[in-house]
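J.: Below: one structure in structure tokens.
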Amino acid sequence: MCGIWALFGSDECLSVQCLSAMRIAHRGPDAFRFENVNGFTNCCFGFHRLAVVDQLYGMQPIRVKKFPYLWLCYNGEIYNFKQLQKQFGFEYQTLVDGEVILHLYNRGGIEQTASMLDGVFAFILLDTANRKVFLARDTYGVRPLFKVLTDDGFLGVCSEAKGLINLKHSTSLCPKVEPFLPGHYEVLDLKPSGKVASVELVKFHSYKDEPLHVVCDTVETLPSGSFDLETVKSNIRILFENAVRKRLMAHRRIGCLLSGGLDSSLVAAVLLKLMKEMNISYSLQTFAIGMENSPDLVAARKVAAHIGSEHHEVIFNSEEGIQAIEDVIFSLETYDITTVRASIGMYLVSKYIRKKTDSVVIFSGEGSDELTQGYIYFHKAPSPEESAEESERLLKELYLFDVLRADRTTAAHGLELRVPFLDHRFTSYYLSLPAELRTPKNGIEKYLLRQSFEDSNLLPKEILWRPKEAFSDGIASVKKSWFSILQDYIDQQVDDLLLEKAAEKYPFNPPRTKESYYYRQIFEKHYPGRSNWLPHYWMPRWVKATDPSARTLKHYKSAPQE
């Protein structure tokens with residue numbers, strides 16, 4: 001996890017513009033650098049580093065002797081950089097995984113580069129010899145990237161939008177800042193003036209397609225051509241374990257978020273198993289957060305005892321959660337209701353990890369609900385085909401919701417997130433399975449995923465088959481959910497008259513509840529006029545829901561408390 005920032009063709013003094021880069025300093029607490037581009041006095045890179053690999057030569061922009069005309073600023077991890085080195089005979093100058101981007105580009109251009117990277121990434125690549133600038137972002141947008149491009153060719157790029165909104169430019173008082181689309185790369189011409197012109201925006205990978213980098217994966221071939229259930233279950237286990245294994249690449253301590261739900265529990269169990277196999281010397285720290293005796297704390301305790309992790313519990317009260325709301329919305333850069341709710345617990349546990357432990361690389365279970373149809377409303381899907389379409393829609397929008405939440409809440413405290421459920425190979429295989437196989441069965445969501453690990457003894461049976469509990473609900477008690485606590489507080493903060501006139505004040509995505517009005521007010525305070533960063537609120541489908549909480553749905557049932 002790092003913070004990247006770059007400007008091309010700035011009309012204003014760079015020393016003033018560079019102050020904007022300091023707004024993402026939390027993403028890289030270990031080191032910091034600004035660097036001007038030779039021959040282009042109005043172009044520069046900014047970089048905040050979280051040192052996870054190659055402590056000595058990991059500063060950016062990365063430049064190597066072999067390609068003096070290439071400048072690379074990237075945020076992410078490329079898990080197959082050693083396999084690519086072996087496949088193509090690359091000679092690396094550093095131990096930095098991202099160096100492979102320079103070699104791939106030199107060998108085959110930007111299309112091959114983006115397609116062959118197995119990992120999560122957002123990068124800015126400058127080729128001064130050919131006067132080109134390239135931007136690219138991974139398939140699911142696990143690593144964030146924002147850009148601003150004015151009509152006269154001024155380009156700003158940053159890991160978070162907050163690093164761009166205060167940029168000064170002569171022809172625009174408020175340049176449009178927008179997220180760079182996941183799974184795409186963009187080619188821009190660099191003019192002698194330092195300004196740029198966009199040439200093309202290309203989608204290089206669709207999540208349903210098997211990625212090109214499979215040819216140099218550690219798991220080369222799988223039994224294919226058959227959807228026999230035992231074969232499918234075996235393939236799911238092999239690919240998921242492989243997804244966790246490749247993400248063990250780190251020179252800093254690894255930890256894992258553990259809610260006690262299926263997804264984070266599977267990640268933690270497989271992670272600890274592989275760490276033992278690899279003789280990693282330290283114990284795995286797992287982290288759970290909740291209010292006193294919340295369902296998540298109780299379940300996470302069981303999982304930690306079963307797998308043998310060094311378990312930490314972070315207990316917070318409603319006052320601490322409420323006090324964090326404004327900081328959370330500022331970090332998130334969104335006002336989506338369910339995203340804000342779920343982020344508060346994740347923000348507070350990340351704060352604890354940074355202050356009280358030495359774990360820096362944090363595994364988590366994001367992406368599973370979207371991929372394996374884990375949301376409770378999937379029980380109401382009219383058909384398996386519509387379930388499959390909804391799953392794909394959710395994956396496409398992850399960068400606006402759960403992936404955004406997971407990145408910002410951890411990055412706010414200088415942690416690096418790893419999400420094995422969003423492994424390219426694993427997701428493309430799961431999505432290739434017949435729609436009927438992937439639907440909820442016997443009233444239980446994620447049935448196929450649970451079945452696949454039923455005989456593995458990785459988890460206690462009651463955890464493997466624990467019903468879905470939304471993170472923002474599981475951290476509170478069964479009697480009173482977190483969303484109810486929030487609504488009771490906010491009801492006193494927002495006047496009825498304000499809500500009545502909400503559509504006049506906020507015509508785009510108008511708030512329909514006091515809670516959404518409260519979040520929107522805070523968002524507009526920090527990011528006025530930027531409400532279009534959220535195209536729509538996250539809400540369940542196929543049900544008449546007025547609130548995104550799982551606990552408001554009829555199907556919801558909580559596990560009995562002990």
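Yeah, the Cβs are placed from backbone N, Cα and C, and that goes for glycine too.
Heads up, TrEMBL stuff is auto-annotated, nobody curated it.
Residues or ranges marked as active site, for GATase activity by TrEMBL: C2. Taken from TrEMBL, the feature L-glutamine binding site covers D97. The ATP binding site annotation in TrEMBL covers L257, I289, S364, G365. According to TrEMBL, the feature domain 'Glutamine amidotransferase type-2' maps to 2-191. The site 'Important for beta-aspartyl-AMP intermediate formation' annotation in TrEMBL covers E366.
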J.: Restricting attention to the domain 'Glutamine amidotransferase type-2' (2-191), give the mean pLDDT.
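T.: Within the domain 'Glutamine amidotransferase type-2' (2-191), the model's average pLDDT equals 92.
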J.: How many Å separate the Cα atoms of G365 (ATP binding site) and the residue listed as 'active site, for GATase activity'?
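T.: Here the two Cα atoms lie 21 Å apart.
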J.: Can you tell me how far the Cα of E366 (site 'Important for beta-aspartyl-AMP intermediate formation') sits from the Cα of L257 (ATP binding site), in Å?
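T.: Checking the Cα atoms of E366 (site 'Important for beta-aspartyl-AMP intermediate formation') and L257 (ATP binding site) gives a distance of 10 Å.
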J.: What is the interatomic distance between the Cα atoms of L257 (ATP binding site) and the residue listed as 'active site, for GATase activity', given in whole Å?
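T.: The residue listed as 'active site, for GATase activity' has its Cα 20 Å from the Cα of L257 (ATP binding site).
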J.: Determine, to the nearest whole angstrom, how far the Cα atom of S364 (ATP binding site) is from the Cα atom of D97 (L-glutamine binding site).
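T.: Distance (Cα to Cα, whole Å): 21 Å.
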J.: Near G365 (ATP binding site), how many other Cβ atoms are within 10 Å of its Cβ?
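T.: There are 25 such Cβ atoms around G365 (ATP binding site).
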J.: Just to verify a number: CA distance, I289 (ATP binding site) to the residue listed as 'active site, for GATase activity', in angstrom, no decimals.
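T.: For I289 (ATP binding site) versus the residue listed as 'active site, for GATase activity', the Cα atoms are 25 Å apart.
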J.: How long is the line from the C-alpha of the residue listed as 'active site, for GATase activity' to the C-alpha of the residue listed as 'L-glutamine binding site', rounded to the nearest angstrom?
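T.: So the alpha carbons of the residue listed as 'active site, for GATase activity' and the residue listed as 'L-glutamine binding site' sit roughly 14 Å from each other.
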J.: How many neighbouring Cβ atoms, not counting its own, are there within 10 Å of the Cβ of C2 (active site, for GATase activity)?
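T.: Summing over all protein chains shown, C2 (active site, for GATase activity) has 26 other Cβ atoms within 10 Å.
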J.: Around E366 (site 'Important for beta-aspartyl-AMP intermediate formation'), how many other CB atoms lie within 10 A of its CB?
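T.: Summing over all protein chains shown, E366 (site 'Important for beta-aspartyl-AMP intermediate formation') has 28 other Cβ atoms within 10 Å.
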